[in-house]
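Step one of this worksheet: look at the structure below.
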């Protein structure tokens, strides 16, 4: 065992037996290597592990040096919204579909992770968004997002009329089905499907991408990540929501605004030494193959 990582957390919500197999393999392998291992409580229960140290995501964030998330991008997003609050590095083993954020191949995870544990990895910080539903600047509801915050109707699709203020200065008004406010991490997710630009992860920028706007002049906008975005609504309805990473929904009531800003903390994401963002774009999204 080396001194790069001493305590390692195993995280993820397995949806099929192969993911559980990876969790069990990882746990037993790390134990034989002499690491202190904390297993997320649900995983330990499903694997029926005995005499094992378990914890919540928050406890793993407080106690571990590294969290290994086994699953797809949904698992990664759900775990890292909590883990980002703590001084912990995070890496993913892909047991989902796309696996854009989970770098390690499950068939070669031991060797790849062994190299990472020896200190051979690339580290980067990814910022999150904080979304608040407010009434007269009094916070009512709050959540965070790794990928994006989306304004959308609640149960029935319909057009929304709203105004966007950037740093309390009017920017534009819009009639559309909603608005996607995305981080660089999320620029290859929902935002990309809506026609938004791809932002490399190190950019300090936020994109605002209209969803099915009523006019042809409505285009995506890229702003500095230090800016604060305020959404105001012209026709007060009780069926609007904002969703964070398509996992958490916050209702918007009459007379309420939405404030979106960069979080005060970052996700400490790490990758294998041979990681390339542009290669990931090519292999995962079929982006721009080499011609010669």
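Residue numbers in this text run from 1 along the chain shown.
Backbone N, Cα and C atoms are what each Cβ position is placed from, and that goes for glycine too.
Pulled from Swiss-Prot:
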{"type": "ACT_SITE", "residues": "73", "note": "active site, proton acceptor"}
{"type": "BINDING", "residues": "73, 74, 147, 148, 158, 175, 177, 188, 189, 190, 191, 192, 193, 247", "note": "NAD(+) binding site"}
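Across the residues the record lists as binding NAD(+) (73, 74, 147, 148, 158, 175, 177, 188, 189, 190, 191, 192, 193, 247), the two Cα atoms farthest apart are 31 Å from each other.
It is 25 Å from the Cα atom of residue 177 (NAD(+) binding site) to that of residue 73 (active site, proton acceptor).
Cα spacing between residue 191 (NAD(+) binding site) and the residue listed as 'active site, proton acceptor': 15 Å, rounded to the nearest whole number. In the structure shown, across all protein chains, 147 is the one of the binding-site residues 147, 191, 193 with the greatest number of other Cβ atoms within 10 Å.
Fewest Cβ neighbours within 10 Å among the recorded positions 73, 177: this applies to 177. Residue 158 (NAD(+) binding site) has a Cβ environment of 12 other Cβ atoms inside 10 Å. With respect to their backbone Cα atoms, residue 158 (NAD(+) binding site) and residue 73 (active site, proton acceptor) stand 29 Å from each other.
Between the CA atoms of residue 189 (NAD(+) binding site) and residue 73 (active site, proton acceptor) there is a gap of 10 Å, rounded to the nearest whole number.
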